[in-house]
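Engineer: Found this in Swiss-Prot, in case it helps:
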BINDING   GLY81, 84-85, THR89, 91-94, 109-117, ALA121  5-phospho-alpha-D-ribose 1-diphosphate binding site
BINDING   GLY81, ASN112  anthranilate 1 binding site
BINDING   SER93, GLU226  Mg(2+) 1 binding site
BINDING   ARG167  anthranilate 2 binding site
BINDING   ASP225, GLU226  Mg(2+) 2 binding site
Amino acid sequence: MADLKAHIAKVASGAALSFAEAREAFGIIMSGEATPSQIGGFLMALRVRGETVDEISGAVDTMRSKMLPVTAPAEAVDIVGTGGDASGTYNVSTCAAFIVAGCGVPVAKHGNRALSSKSGAADSLVALGVNIELGPDQIAACIAEAGVGFMFAPSHHAAMRHVGPTRVELGTRTIFNLLGPLSNPAGVKRQLVGVFSAQWVEPLAHVLRQLGTEKAWVVHGDGLDEMTTAGVTRVASLEYGEVRTFEITPEEVGLQRSAAAALKGGDGEYNGKALRRVLEGERNAYRDIAVLNAGGALIVAGKAETLKDAVALASESIESGRALAALEKLVEVSNRKP
């Protein structure tokens, strides 16, 4: 049986693991061959030294190899955040997913229940009447008919059960906070990924490049794991092997700057209602941040050349009723008897 001890010793010495070594180490962990103490020691050694692009890439490669896959169109996108930003915003990326679907771009949304906040994507979707306990064929049907399907992370990443208790006991962020958003079960090649800290914006774009992603924006918005209307958003854009970084303000795309407090959400019930009101056409700070993030995803999807044009497309998706129709269709299809 492979042993994690050699990898722990290497990381503890300050050295970095290669892609292959990281892949092996996480293979040991996700196969249940490491003890909780070994897993905890390994994760904290990585965290203290700082995870490298190769280590994250190797870990994601292992996670992808063990996941339950979903079939989605080649042009499908995901809009996902790492969580863990402690901001308590409403479910921006979930709202943006319906807006993007309303623009005719298939969305394969990967997410979970709340881990550190009051409400994760799954919590607000359940409050809206979406059935999240679906098999791969049912999710594929949701994407085909509603333009959006939701993949509930625990249903697709059973190997994570080996690390769950250790992560809870550690009570602090680890490399696993970065792996989930990069391990989409539909294997999407285009993503808008929000990260909890600006330090990860550029490295994660390089991880996605190493793993074969075609186009992605990795973003951090002034403390949020998404693009923000309350300040400046840092972006690392990956396009066919090239990574470049830049900053975005809401004003430059025609949106008003919001107070950070205006973006705060609540529990799943509250966030679900807030999301529906945005899709029904209510104009507020929730809408502005949703169309900004939808705009980023539409750029990644190749639907617009400029973010200003993409934001206009996103607004039109709401005003035409198509974004709300995508939500209502998802509720219908997800609850259909298989």
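Heads up, residue numbers simply count up from 1 along the chain you see.
Glycine is no exception: its Cβ is also placed from the backbone N, Cα and C atoms.
Tell me about the setting of these features in this model.
Structural biologist: Within its own chain, ARG113 (5-phospho-alpha-D-ribose 1-diphosphate binding site) has GLY120, ALA122, ASP123 as residues 6 or more apart in sequence whose C-beta sits under 8 angstroms from its own.
In three-state terms derived from DSSP, ASN112 (anthranilate 1 binding site) belongs to neither a helical nor a strand segment and is classed as coil.
Within 10 Å of the C-beta of GLU226 (Mg(2+) 1 binding site) we count 30 further C-beta atoms, all protein chains included.
Taking a C-beta cut-off of under 8 Å and a sequence gap of six or more, ARG167 (anthranilate 2 binding site) has these contacts in its own chain: LEU43, THR174, PHE176.
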Engineer: Could you round the CA separation between GLY81 (5-phospho-alpha-D-ribose 1-diphosphate binding site) and ASP225 (Mg(2+) 2 binding site) to a whole angstrom and send it over?
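Structural biologist: Cα of GLY81 (5-phospho-alpha-D-ribose 1-diphosphate binding site) to Cα of ASP225 (Mg(2+) 2 binding site) measures 6 Å after rounding.
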Engineer: If you count CB neighbours within 10 Å, which one among the binding-site residues SER93, ASN112, ASP225 has the smallest count?
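Structural biologist: If we count Cβ atoms within 10 Å for the binding-site residues SER93, ASN112, ASP225, the smallest count is at ASN112.
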